[in-house]
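**Student:** Here it is, the structure, as structure tokens.
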Amino acid sequence: MDFLEIVGQIPLKGGVEISGAKNSALPILAATLLSQQEVTISALPQVADIKAMASLLQNLGAELDWFNSHTLKLCAKSLRHTEATYDLVRKMRASILVLGPLLARFKECLVSLPGGCAIGARPVDLHLKAMQQLGAEITIEQGYIHAKAAKGLKGNDILFDKISVTGTENALMAASLAKGITRIINAAKEPEIAQLCTFLQSGGVEIEGVGSSELKIRGVESDALSLKDIQIIPDRIEAGTYLCVGAITNSQLKINHIIPNHLQAITDKLIEIGFPLDIQQNSIEIYPAKKRQAFEITTKEYPGFPTDMQAQFMALATQCLGTSVIEETLFENRFMHASELQRLGANISLKTNIATIHGSTELTGSDVMATDLRASSALILAALVAKGVSRVHRIYHLDRGYERLEDKINALGAKVLRLKEK
């Protein structure tokens, strides 16, 4: 198992190229199961979750041809079976995204209950209710979801009690081959969902309301879609993380290959804290702040402040003057990084879903353990400003969602080594 050794308090400067968005690539990869045609997906990030999804598709019988590490040609014309097994699904929660496409196209599938980050209760019941609304029979058998729709899926209204990104994506994909019109009410509005809509539209699916909380989908009257090639959008969470690298080290950094509109909640907060930003069409440059002010954050669904940036801003709060408050409203148990930040010297108190961070604090290098994907990046941020050497363990969490993070940070002047545990 690997860990990262990080020498703190080194000045950083330069630019970072942002990779394709993992959270856009995963549903788009799953959606290729709806198609009988070859489709090429470019700008795929080279991260563990993408490799896991590619392995799952290959196991189902899809033909995969990697042109290079970021471009993949797929063909799901003839699958061997429609069972997504535990061995493959347990590696990440996003595996549940194959449920909608498999059910819609093949009328029956078995999908293991998923794994991935251990962040509180992330139930799949919203996905199952959506499939049932489209006419599926659902049973849970020995840890597997067994979904059947012998006569195919039929369009219907799907009302989500709670906004769900992957739930919306599964419903969208299933509705693409359902007979008639489906309305998804209280849909998630993330840019990654908008790109999935674009991909499905390229295959002939009519979708109204893209980017809004209500989507209207007219299913294609055929057995499969004819999807067109697509390039994955830049990863707004990776971009936000590197903006935080600049912010916590108070360095001048340029973040390239981004869509600034997708980052507005993050950039607004950085400006509020005191950072001058130069926002261009596809880049953002962050400059050192004269004074970093404490702040308050409440995580919300897009376009609100993303829960996937909460941990990074908690690390940043340790270097801001005054008392910062972070309220997590979307997931339970998403403050597991707080105790590890405390090991570095952070002054953090927790009460249910609210974290209070007192700054600014001088951090000291130590051994810390990543508990999930975004927590791992928060610990690396803190280590960059800690006095001495830090070691971040269990970075397999990091590798699920960040492409070559140590290489990108080292190119800015940092000293980060990937080493093997003894």
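All positions are counted from 1 along the displayed chain.
Cβ atoms here come from the backbone N, Cα and C positions, even for glycine.
Pulled these features from Swiss-Prot for this protein:
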| type | residues | note |
| --- | --- | --- |
| BINDING | Lys22, Asn23 | phosphoenolpyruvate binding site |
| BINDING | Arg93, Arg122, Pro123, Val124, Asp125, Leu126, Asp308, Leu330 | UDP-N-acetyl-alpha-D-glucosamine binding site |
| MOD_RES | Cys117 | 2-(S-cysteinyl)pyruvic acid O-phosphothioketal |
| ACT_SITE | Cys117 | active site, proton donor |
**Student:** By the count of other Cβ atoms within 10 Å, pick out the sparsest of the binding-site residues Lys22, Arg93.
**Tutor:** Arg93
**Student:** Reported as an integer number of Å, what is the Cα distance between Leu330 (UDP-N-acetyl-alpha-D-glucosamine binding site) and Asn23 (phosphoenolpyruvate binding site)?
**Tutor:** 17
**Student:** Spatially, and counting Cα to Cα, which of the binding-site residues is closest to Asn23 (phosphoenolpyruvate binding site)? Options: Arg93, Asp125, Leu126.
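**Tutor:** Going through Arg93, Asp125, Leu126 one by one, the Cα closest to that of Asn23 (phosphoenolpyruvate binding site) is Arg93.
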**Student:** Using DSSP and three states only, what is Pro123 (UDP-N-acetyl-alpha-D-glucosamine binding site)?
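**Tutor:** In three-state terms, Pro123 (UDP-N-acetyl-alpha-D-glucosamine binding site) counts as coil.
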**Student:** Which secondary structure state does DSSP assign to Asn23 (phosphoenolpyruvate binding site), in the simple three-class scheme?
**Tutor:** helix
**Student:** How far is it from Leu126 (UDP-N-acetyl-alpha-D-glucosamine binding site) to Lys22 (phosphoenolpyruvate binding site), counting Cα to Cα, in Å?
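**Tutor:** So the Cα of Lys22 (phosphoenolpyruvate binding site) lies 22 Å away from that of Leu126 (UDP-N-acetyl-alpha-D-glucosamine binding site).
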**Student:** Cα-Cα, whole number of Å: Asp125 (UDP-N-acetyl-alpha-D-glucosamine binding site) versus Lys22 (phosphoenolpyruvate binding site)?
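**Tutor:** Roughly 23 Å, rounded to the nearest whole number.
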**Student:** Where does Leu330 (UDP-N-acetyl-alpha-D-glucosamine binding site) sit in DSSP terms: helix, strand, or coil?
**Tutor:** coil
**Student:** State the Cα to Cα distance, in Å, between Lys22 (phosphoenolpyruvate binding site) and Arg93 (UDP-N-acetyl-alpha-D-glucosamine binding site), rounded to an integer.
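**Tutor:** Here the two Cα atoms are 13 Å apart.
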